[in-house]
Amino acid sequence: MAGGERKRRRRKLQLSKLFTLSSAKACFKPAHSQIGRTGFSRVDIEVNGRNVGVHQGNGHFDLKEWKTLRVGDILKVEKNDFFPADLVLLSSSYEDAVCYVETMNLDGETNLKLKQGLEVTMSLREEVDFRDFDAFIKCEDPNANLYSFVGTMELKGEKHPLSPQQLLLRGSKLRNTDYIYGAVIFTGPDTKVVQNSTEPPSKRSMIERKMDKIIYLMFLMVVSLAFLGAILFGITTREDYQNGVMTRWYLKPDDSTVFFDPQRAPLAAVCHFLSALMLNSYFIPISLYVSIEIVKVLQSIFINKDIHMYYEEADKPALARTSNLNEELGQVGTVLSDKTGTLTCNSMEFVKCSIAGRAYGRGVTEVEMAVGNGVEYAVAAEPVVKGFNFRDERIMNGNWVKERDADVIQKFLRLLAVCHTVIPEVSEDTGKISYEAESPDEAAFVIAARELGFEFFIRTQTTVSVRELDVTTGGRVERMYKVLNVLEFSSARKRMSVIVRDEDGKLLLLCKGADSVMFERLSGNGREYEEETRDHVNEYADAGLRTLILAYRELDENEYEVFTERISEAKSSVSADREALIDEVTEKIEKDLVLLGATAVEDKLQNGVTRLVKTGSGQTTLAIGDGANDVGMLQEADIGVGISGVEGMQAVMSSDIAIAQFRYLERLLLVHGHWCYRRISKMICYFFYKNITFGFTLFLYEAYTSFSTTPAYNDWYLSLYSVLFSSLPVICLGIFDQDVSARFCLKFPVLYQEGVQNLLFSWRRILSWMFHGFCSAIIIFFLCKTSLESQAFNHQGKPAGRDIFGGTMYTCVVWVVSLQMVLTISYFTVIQHLVVWGSVVVWYLFLTVYGSMPPRVSTDAYMVFLEALAPSPAYWITTLFVVMATMMPYFIFSAVQMQFFPMSHGTIKLLKYEDQCNDPGELELVRQASVRPALVGFTARIEAIKRSVMRSRQTGP
């Protein structure tokens with residue numbers, strides 16, 4: 001019932017003189033404005049503890065913590081402070097109640113947004129003005145839509161519609177405004193920014209998920225071996241009686257009543273199964289997860305410390321925010337990216353335009369230079385004025401008045417100077433005018449108009465003033481346009497319009513928007529230049545420019561009066577379809593337009609960005625972005641890379657890895673991604689190999705001893721195998737190994753395909769490593785058994801017992817897995833030499849020290865090495881022979897593969913060895929394998945233009 005009532009109700013706020021609404025405030029539990037859940041993070045606590053001025057009544061404001069705010073509070077927010085809740089703007093330090101808001105943390109946009117309070121509240125500019133303030137607000141329920149707001153304010157018996165223009169969202173920042181006063185409408189979890197927030201997904205790499213399956217497979221194998229052994233043990237035990245005597249009496253422990261009892265063979269088999277599970281548990285690499293975490297943390301440190309991914313200008317290094325996805329960087333098949341800010345500088349420049357069907361602007365874009373292919377292009381000069389990279393003497397320096405269609409050019413430039421929401425700011429030091437715009441495109445248009453003779457210099461709540469170049473006199477005149485309505489841009493409308501009255505009393509509707517919505521709104525008489533303009537727009541788009549269509553119309557008084565009445569009714573509506581009603585009214589007036597022309601602005605690519613996005617195999621998806629609007633994409637992709645650029649830190653805080661420039665993505669993937677993928681893949685495969693080699697010798701010995709569950713090795717040998725004698729080399733493999741240097745990784749991108757195709761961690765490769773482990777264990781066990789069982793082991797004529805056989809076989813295992821590591825490593829460092837050969841030395845030292853301890857400590861290992869193994873030539877000969885025989889198959893396989901079936905890295909290493917890495921023919925053969933035929937978007941367009949240019953040159957005279 002309560003939930004239904006909440007859905008049906010409309011939220012109401014009473015802003016009273018004394019601000020003591022006990023009944024209203026009782027609806028909200030304490031700390032309602034807090035953000036976070038049980039167990040707040042340090043950041044949550046810091047945010048909730050910030051202070052803001054709150055009206056306490058009688059025109060007096062005191063500082064209170066954000067977490068104490070309630071719906072209905074009136075706040076005073078100072079310059080450069082964040083808004084603590086969703087507010088309705090009442091007034092500001094400006095007379096017309098405007099303020100500038102930075103929404104970087106919400107939508108990733110760095111440009112300031114203009115907000116303006118209602119005309120009826122703009123006089124509340126001092127704290128004492130709120131002493132007698134009494135208003136009533138009715139608005140929509142909390143929702144996640146950042147760009148819509150429906151409500152009304154009832155003040156002095158009159159209702160005034162509220163729109164997104166009066167809404168200040170939590171998380172945005174007050175800029176270029178000394179202070180604002182606002183009324184709290186949503187707090188804490190009801191604010192729009194929290195309504196939009198989602199829990200970040202938990203990400204695991206494909207290799208980790210596959211590793212889990214391998215562990216399940218290993219566990220199944222352990223259970224199967226234990227089950228097989230239990231069945232065979234039960235059968236053998238049941239048949240153990242011969243003439244009333246146990247033939248294997250020596251195996252039965254003195255205190256056992258069940259084990260080895262022929263009368264209770266099924267129960268003995270069950271007991272054997274449980275014992276075999278524990279003995280065969282050495283197949284499962286329990287320490288693998290710990291080792292991988294150590295390796296990944298150190299790999300992340302290497303990424304963070306890479307000097308080649310350090311952006312000195314901003315003092316920003318790369319930052320791996322998680323170590324879970326290091327190897328995933330080497331398997332990226334698809335890159336998702338926005339363009340603005342991520343690949344580009346997010347700094348627009350006015351480059352070209354089309355007016356009255358004639359193209360103006362002789363500048364060269366980066367795309368045109370990229371597809372030149374021998375075509376002579378002048379080098380693009382750096383713009384003297386930021387935002388204006390336009391060069392054309394026909395309309396610069398006032399020369400446009402001599403053009404054939406000077407009147408159209410005048411209207412075109414006037415529209416650029418008037419149709420916008422830009423705010424001019426005059427520098428106190430230099431007197432120069434700068435512009436604060438909602439988008440860099442807007443700023444570029446106003447700057448272009450100024451440079452071409454139409455300088456916008458003053459904006460009030462209802463007027464726009466422009467210094468224009470007069471056609472008749474050739475001098476500058478100041479003209480003021482009364483702004484009657486602003487029909488704002490939205491992603492659905494794809495256009496914006498203003499309705500103004502000029503000094504002659506004419507009503508003008510000035511409109512600019514996307515070609516997809518503008519051409520269809522032209523009148524029959526307004527299409528004179530449509531064909532030429534469409535051609536120019538297509539050319540600009542091919543050159544990588546962003547285009548807008550400019551058009552206008554004159555309105556008659558009656559039409560405008562009807563529009564004013566209908567738009568007021570639509571804005572006063574508090575129904576859910578308010579936006580639809582407004583769009584319906586604007587649709588009727590934004591029609592029958594007269595085409596003036598089109599603009600083209602360029603957002604330059606960042607340094608080092610030579611292409612955009614290529615499609616891959618779809619195995620792993622990487623998303624890269626730099627703004628708050630990219631957060632969802634970063635979280636949903638397998639890997640999220642945030643660029644710590646100019647659009648705030650929201651993308652970085654939501655990313656898995658942060659870099660300062662897009663160009664560093666190349667090194668992150670081709671070098672670190674490739675290395676990490678190879679290292680982790682080889683590390684895991686080797687881990688299973690060494691554990692199978694060790695564990696299967698235990699199983700073979702148990703089978704050889706009638707499945708007695710007797711271990712071949714001393715208890716301490718078993719415990720320390722994965723701790724002292726084989727752990728450090730595999731960790732160093734995961735940290736330091738390199739198939740080729742970073743320079744060759746970048747020179748031969750084909751190497752990266754090993755990860756995209758998952759060649760090093762396929763089931764075929766994993767099972768082959770496992771098979772290699774089984775083969776190694778079989779060779780070690782049977783060669784050791786054969787060489788020791790039929791002859792005296794020492795000069796006293798004693799045969800080898802379990803202690804000698806186990807010590808010899810263990811020594812062979814340590815040597816084999818160590819030499820296998822030597823053959824697996826591609827890049828040796830001093831540390832790797834120390835840990836590999838040190839593991840062997842530590843084994844011998846352990847045998848000596850542990851065997852020298854008293855028998856109650858060393859048990860069956862007492863003096864085994866010093867008195868039995870070391871003095872015997874058979875021990876050393878057997879070790880040498882067994883190790884060589886075990887390693888020979890892998891050595892032959894590797895040599896054959898390198899010579900006749902090399903992988904990409906093998907081919908490149910051969911080229912390097914034969915000093916052919918600079919041979920053009922050899923390089924071309926290798927590089928051809930990295931050519932990717934599937935291109936989309938910007939890259940496909942460049943390739944198409946290149947082919948068109950080449951065809952035109954070939955067919956030319």
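Positions of Cβ are set from backbone N, Cα and C atoms, glycine also.
Straight from TrEMBL, the features:
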type: TRANSMEM; residues: 214-235; note: transmembrane segment
type: TRANSMEM; residues: 267-290; note: transmembrane segment
type: DOMAIN; residues: 652-902; note: domain 'P-type ATPase C-terminal'
type: TRANSMEM; residues: 687-704; note: transmembrane segment
type: TRANSMEM; residues: 716-736; note: transmembrane segment
type: TRANSMEM; residues: 766-788; note: transmembrane segment
type: TRANSMEM; residues: 808-827; note: transmembrane segment
type: TRANSMEM; residues: 834-853; note: transmembrane segment
type: TRANSMEM; residues: 873-893; note: transmembrane segment
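Using a cut-off of 8 Å between Cβ atoms, the transmembrane segment (214-235) and the transmembrane segment (808-827) share fewer than three residue pairs, counting only pairs 6 or more apart in sequence. Panel annotation: around the transmembrane segment (766-788), residues 214, 685-686, 688-697, 700-701, 704, 799-800, 804-805, 808-809, 812-813, 816, 820, 874, 878, 881-882, 885-886, 889-890 of the same chain, lying at least six beyond its termini, place a Cβ under 8 Å from a Cβ of the stretch. When each of 687-704, 716-736, 808-827, 873-893 is scored by its Cβ pairs under 8 Å to the transmembrane segment (834-853), the top-ranked stretch turns out to be 716-736. Of the recorded ranges 687-704, 808-827, 873-893, the transmembrane segment (716-736) has the largest number of C-beta contacts under 8 angstroms with 808-827.
Ranked by Cβ pairs under 8 Å to the transmembrane segment (267-290), the stretches 687-704, 808-827, 873-893 are led by 687-704. Summarising model confidence by region, the domain 'P-type ATPase C-terminal' (652-902) averages a pLDDT of 89.
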